[in-house]
Amino acid sequence: GNCKCDDEGPNVRTAPLTGYVDLGYCNEGWEKCASYYSPIAECCRKKK
């Protein structure tokens, strides 16, 4: 699914971004969001 990381949680590398939910590791109860446009831009956000 899609995700946004401008206001939903602490950014890991680059923010803001819009992307897709990745299966990468974040803390329990959080999910990783990876940017559509940059392979290194990602963040963790609280699961909805």
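Cβ atoms are placed via backbone N, Cα and C, with glycine included.
Matching Swiss-Prot disulfide entries to the candidates Cys5, Cys43, Cys44 identifies the partner of Cys26 as Cys44. DSSP classifies Cys43 (disulfide bond) as strand under the three-state reduction.
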